[in-house]
Amino acid sequence: MSEPAILVLADGSVFHGTSIGAKGHTVGEVVFNTAMTGYQEILTDPSYFRQIVTLTYPHIGNTGTNLEDCEANHVYASGLIIRDLPLLHSNFRSSMSLRDYLQTHNVVAIADIDTRRLTRILRDKGAQAGCIMTGEIDEAKALELAKSFGSMAGKDLAQEVSTGEIFTWTSGQWQLGKGFIEQTQAEFNVVAYDFGVKHNILRMLAERGCKITVVPAKTSAEQVLALNPDGIFLSNGPGDPEPCDYAISAIQTLLASKKPIFGICLGHQLLGLAAGGKTKKMAFGHHGANHPVQDLNTQKVFITSQNHGFEVDEASLPSHVRVTHRSLFDNSVQGIELSDQSAFSFQGHPEASPGPNDVAYLFDKFINEMRKANLSQLSTYVAHH
């Protein structure tokens, strides 16, 4: 027998539906994602920490869940909202239904609500806090819980999802019949800051010949430089970048070292802050797998995967920071680079997962920057000996 559930937004909007996950209640910032597929990657993306995700595509769960399509070791989204959960799931890799997966991972979730109406509210009023409650339902209590969550602005969540200790990553991307391929040859030593890093980012770096040392969010620049990296990667992650003063300070020191630096998502925003710019909260952010972005260097347009609620404020950027990519949905900054050194970043997700791989070339750009830096060092050494 299905158990009733409700979703209550901080503005008082109430949606009645059916529980498809764990019992109890959950609170978080309610956002909408327009991707048609990839619900397992979305649920396990650390960038969704403290967020309740609404999937706008009506049928979610058709292919079940599996052991491979995870972006972290557990679910980070605070809750899930969908229109319809199919009675059957089918896929040759499937090991569990979405319902069982949500219950196993203790995720509170609701189905059978009008996600179209909900999305219009979030679009028109902006992302807002909400509460999903199952079983013994108390609308007044749910509204109180939603209002108590507050805003994402000012929340430093990166240190909450970051690894507690340094570890090495060598696994490449998944291949049919082979699984995840271990990379035994490494040309580059990369230190990756974990602000909530997605596994597919690490896989794509490993596949390009990188031995990756993943370090906690609060690792000092001195500790990173002591590892003698060829390049430094700044990962994606949840929350507001501005309170992450420990990361901004470390990045400023790392910029002075002139080592190649590449940032994605939160890492992009932190690079912008470290370079002297500012960030600001967006109304409802970008969450989806079909966002057109223009590369201003080539004028080419790419379809990208996006997941962020904050953006770099273009008007605040100093003269040595150049905008390289722009969203064709709202003209927001999607990429920057520093004119005086090898440091660049991208707001969307080149690693996709889920989504298109149109901008995977940015990983190749990072590889080329490290190769150039190493050749330059070698030339300098030879010239002086």
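Heads up, the Cβ atoms here are built off N, Cα and C, so glycines get one too.
For the L-glutamine site, Swiss-Prot gives Gly237, Gly239, Leu266, Gln269, Asn307, Gly309, Phe310; the one candidate out of Ser13, Ser19, Ser47, Ser78 that the record lists there too is Ser47. DSSP gives Glu351 (active site) a coil state; it is part of no helix or strand. For Ser47 (L-glutamine binding site), the Cβ neighbour count at a 10 Å cut-off comes to 29, with all displayed protein chains included. Phe310 (L-glutamine binding site) falls within a strand when secondary structure is assigned with DSSP. Under 8 Å, Cβ to Cβ, and six or more positions away along its own chain, Asn307 (L-glutamine binding site) finds Asn33, Asp45, Ser47, Tyr48, Asn236, Cys265, Gly285, His286, His287, His349. Using a 10 Å Cβ-Cβ cutoff, Glu351 (active site) registers 26 neighbours.
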